[in-house]
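Feature annotations, courtesy of TrEMBL:
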type	residues	note
DOMAIN	2-187	domain 'Cation efflux protein transmembrane'
TRANSMEM	12-40	transmembrane segment
TRANSMEM	61-79	transmembrane segment
TRANSMEM	101-124	transmembrane segment
TRANSMEM	136-155	transmembrane segment
DOMAIN	206-267	domain 'Cation efflux protein cytoplasmic'
Amino acid sequence: MVLFAAKVYASVWSGSLAIIASTLDSLLDLLSGFILWFTAFSMSTPNPYQYPIGKKRMQPLGILVFASVMATLGLQIILESVRTMVSDDDEFNLTNEQERWVVGIMLGVTLVKLFLVFYCRTFTNEIVKAYAQDHFFDVITNIIGLIAVLLANYIDDWMDPVGAIILALYTIRTWSMTVLENVNSLVGKSAAPEYLQKLTYLCWNHHKAIRHIDTVRAYTFGSHYFVEVDIVLPANMALQEAHDIGESLQEKLELLPEIERAFVHLDYEFSHKPEHAQAHAL
């Protein structure tokens, strides 16, 4: 928050579009962190009556809304940069005092971010490593923004809006990729073949009474997988024994960290048509 406030001050002090675009990238980090915290808090307070299958889809939905807002802001910066380049406004010029403040703030923020990169890389936790990567990208955007300001101040003023456009395009590209990832998690994209093979192997070796594996599906439904498994048991098996086999397999599948919920369907033969009406139309 302190680093973001410093960059806001540098943006206001300099009036540089490149610094504003770099500050927007820092705003993304703060807001995305808030979204992750809010969604994690929401998911930790279940309501089985209003949300019977949980709230784990709140995180990708929140990211989609946030990314849309940030893409709009990025486009606005691009439009303002183009307007500045084609207009006859006063040339970009920093006083010596303004230059010292802007360079000092941007270098200070960059050095702090660089320290955080090396510090986070000392951890083995994947989330902390992701923060290290994010801090590294902040270092890059800060350097690009500062270079654009100095080039505009000493060479030609059009270099400042060009730097802003580069940073805005980078921001839009980054969040577009994030949108695509989260869209895939909401539309029910199938798991990788290797993961389906793992589930099939687990199901086949679950109990010696299993005669056949009819169906194994795993698809995204939020940040985790929903799994559907059809197993074939002997036709003369007692209901209690068949139930226990199916329930224990369901519990085993739901112990896997990638799986939110598993559904195990029991059958005595596998030559029938698909049970669900929608499957006939596929």
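Backbone N, Cα and C define each Cβ position, glycine as well.
Long-range Cβ contacts of the transmembrane segment (101-124) within its own chain (Cβ-Cβ under 8 Å, at least 6 residues beyond either end) map to 3, 6-7, 9-10, 13-14, 16, 19, 22, 94, 131-132, 135-136, 138-139, 142-143, 145-146, 149-150.
For the domain 'Cation efflux protein cytoplasmic' (206-267), residue counts in helix, strand and coil come to 16 helix, 26 strand, 20 coil, using DSSP.
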